[in-house]
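Here is the structure we will look at.
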Amino acid sequence: KNRSHRSTMAESNDDSSNNWCTIESDPGVFTELLETVGVKGVELEELWMLDDETLSQLDPFYGLIFLFKWTPGQDTSLPNRTPLEETPEGLFFARQTVTNACATQALLSVVLNTPSLDLGPTLTEFRSFTSSFPADLKGEAIGASETLQQAHNGFSRKDTAFLQDSKPNLSPTGQDIFHFVAYVPHMGTKKVFELDGLQAGPIEVGSFTDEEPWYVPARQAMQERMQACGTSEIKFNLMAVVGDKRIKLEKTLQGIQNVESTEYTQAQADLAAQTSKREQWKLENERRRHNYVPLCIQLLREIAKQGNLPQLVSEAQDRMVAKRQKAQSAKPQ
């Protein structure tokens with residue numbers, strides 16, 4: 001899996017005036033985004049394996065967010081991918097009508113379908129307000145929410161205006177386009193659904209029971225998507241929406257009577273590791289928000305004063321040409 005790319009919506013019915021930016025697929029970004037809009041007791045965990053041992057240890061486990069390389073007509077090769085004409089009672093599904101909002105929309109597809117979560121006042125009101133809306137109007141409501149847009153755009157690169165071309169919503173020729181979908185269990189029907197805002201409705205991918213957990217059919221659906229992307233494609237990213245691990249560890253510590261036991265010491269160490277992880281996420285998000293353009297410009301000026309800039313530019317151009325030629329030769333004929 002590759003977490004360095006940024007999500008770009010594969011298609012849109014809206015124009016370029018919506019001003020939703022692309023954001024990085026990263027658990028620290030998504031966790032802070034949810035917390036910014038008021039969701040409590042939740043975090044994102046990046047998954048590197050899909051085996052039962054890994055997935056069975058996630059508790060509580062609310063949903064999956066899957067990022068993949070999108071290509072036109074890709075879904076036609078997938079089995080049993082017919083969207084439902086009617087959304088099941090109690091299942092939140094929204095069509096995506098806003099460019100670049102697929103990351104936030106996938107997150108909403110999980111948390112708004114998890115009744116046990118503390119959504120906070122903003123999303124609680126949003127879910128209630130849009131409950132009777134058809135899927136396309138739900139998508140419009142997401143795009144019209146200033147709170148959601150501001151939280152989403154809070155992770156935009158401050159050098160975007162400096163780097164992007166004059167048509168930011170158009171993907172340059174050859175640039176990969178990535179898209180998010182969500183997988184969630186629906187307790188009312190005991191079904192597992194793939195929620196993809198580019199589809200006309202939710203897609204049922206299987207059922208679950210007390211003996212067979214919901215992630216089994218979700219895993220099968222994701223594996224089918226991976227196969228549809230081609231054997232040479234490795235740019236996937238998978239994250240689980242789970243409970244805040246710090247809360248679970250704090251409860252564990254409270255339940256241990258012997259504070260000198262190995263169990264207590266291990267729980268303390270695990271809690272310290274989770275706290276350190278959150279601090280690292282915060283630092284990384286602050287770096288994402290920082291504008292490095294003035295520093296880069298000043299460095300270029302100093303290099304130019306020393307007379308080294310033309311040579312460095314020429315070397316960089318040569319490396320770019322070589323990189324493009326290598327990428328072109330690696331493509332299947």
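Cβ atoms are placed via backbone N, Cα and C, with glycine included.
These numbers come from a predicted model, not from an experiment.
Per TrEMBL, the features are:
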| type | residues | note |
| --- | --- | --- |
| DOMAIN | 19-243 | domain 'UCH catalytic' |
| SITE | GLN96 | site 'Transition state stabilizer' |
| ACT_SITE | CYS102 | active site, nucleophile |
| ACT_SITE | HIS179 | active site, proton donor |
| SITE | ASP196 | site 'Important for enzyme activity' |
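Minimal Cβ crowding within 10 Å, among the recorded positions GLN96, CYS102, HIS179, is found at HIS179.
Reported as a whole number, the C-alpha separation between GLN96 (site 'Transition state stabilizer') and the residue listed as 'active site, nucleophile' equals 7 Å. Secondary structure at ASP196 (site 'Important for enzyme activity'), taken from DSSP and collapsed to helix, strand or coil, is coil. DSSP gives the residue listed as 'active site, nucleophile' a helix state.
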